[in-house]
Amino acid sequence: VLSPADKTNVKSTWDKIGGHAGEYGGEALERTFASFPTTKTYFPHFDLSHGSAQVKAHGKKVADALTNAVAHMDDLPGALSALSDLHAYKLRVDPVNFKLLSHCLLVTLACHHPAEFTPAVHASLDKFFSAVSTVLTSKYR
């Protein structure tokens, strides 16, 4: 459960990211593919090379979904219901992949904003990404 301090940390960090969210989403997705090659199996139709326009575009979708989640932190299940359905029923993404991407998102954000990435912010973002992952995998049960 996200505390009021966690919500404040997540919102303020996301505000600082601003217009870079899509860029960071693409970078995190590329980092996920490089670090965890099995995640590539869900994207056989993508050009997965460094700087791929398809990876960047999908990374922007991820970032947009997270921006929506940040805006609706008090109702993540409602905000992410359609995405949960898509990933569980149509795409059948292995739930572990959400944790892997979450880790890569944390690394990407820490690389770009080291001064702001305090232990408290790190913990809050980790809890937030975990909450998002839990919602996205809730339909698997």
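Note that the numbers count up from 1, one per residue, in the order the chain is shown.
Every residue gets a Cβ built from N, Cα and C, even glycine.
Noted in Swiss-Prot for the protein shown:
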type	residues	note
DOMAIN	1-141	domain 'Globin'
MOD_RES	Ser3	phosphoserine
MOD_RES	Thr8	phosphothreonine
MOD_RES	Lys11	N6-succinyllysine
MOD_RES	Lys16	N6-succinyllysine
MOD_RES	Tyr24	phosphotyrosine
MOD_RES	Lys40	N6-succinyllysine
MOD_RES	Ser49	phosphoserine
BINDING	His58	O2 binding site
BINDING	His87	heme b binding site
MOD_RES	Thr108	phosphothreonine
MOD_RES	Ser124	phosphoserine
MOD_RES	Thr134	phosphothreonine
MOD_RES	Thr137	phosphothreonine
MOD_RES	Ser138	phosphoserine
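By the criterion of other Cβ atoms within 10 Å of the residue's own Cβ, the least surrounded of the recorded positions Lys40, His58 is Lys40.
Each residue of the domain 'Globin' (1-141) gets a DSSP state, and the totals for helix, strand and coil are 114 helix, 0 strand, 27 coil. When the modified residues Thr108, Thr134 are compared by the number of other C-beta atoms lying within 10 angstroms of their own C-beta, Thr134 comes out lowest.
With Ser3 (phosphoserine) as the anchor, the candidate recorded positions are Lys16, His58, Ser124, and the one with the nearest CA is Ser124.
By the criterion of other Cβ atoms within 10 Å of the residue's own Cβ, the least surrounded of the modified residues Ser3, Thr8, Ser124, Thr137, Ser138 is Ser3. Across the structure, Lys11 (N6-succinyllysine) and Thr137 (phosphothreonine) are spaced 23 Å apart at their Cα atoms. Around the residue listed as 'phosphotyrosine', the same-chain residues six or more apart in sequence whose CB sits under 8 Å from its CB are Ile17, Gly59, Ala63, Leu105, Thr108, Leu109, His112, listed in sequence order. A count of other CB atoms within 10 A of each Cβ picks out His87 as the most crowded of the recorded positions Lys11, Lys16, His87. Cβ neighbours of Ser49 (phosphoserine) (same chain, under 8 Å, six or more residues apart in sequence): none. Here is what falls inside 10 Å of the CA of Thr137 (phosphothreonine) among the recorded positions Lys16, Lys40, His87: His87. Among the recorded positions Lys16, His58, Ser124, the ones whose Cα sits within 10 Å of the Cα of Thr8 (phosphothreonine) are Ser124. Checking the recorded positions (Lys16, Lys40, His58, His87, Thr134, Ser138) against Ser124 (phosphoserine) with a 10 Å Cα-Cα cut-off leaves nothing. For Lys40 (N6-succinyllysine), the nearest of the recorded positions by C-alpha distance turns out to be His87; the candidates were Lys16, His87, Thr134.
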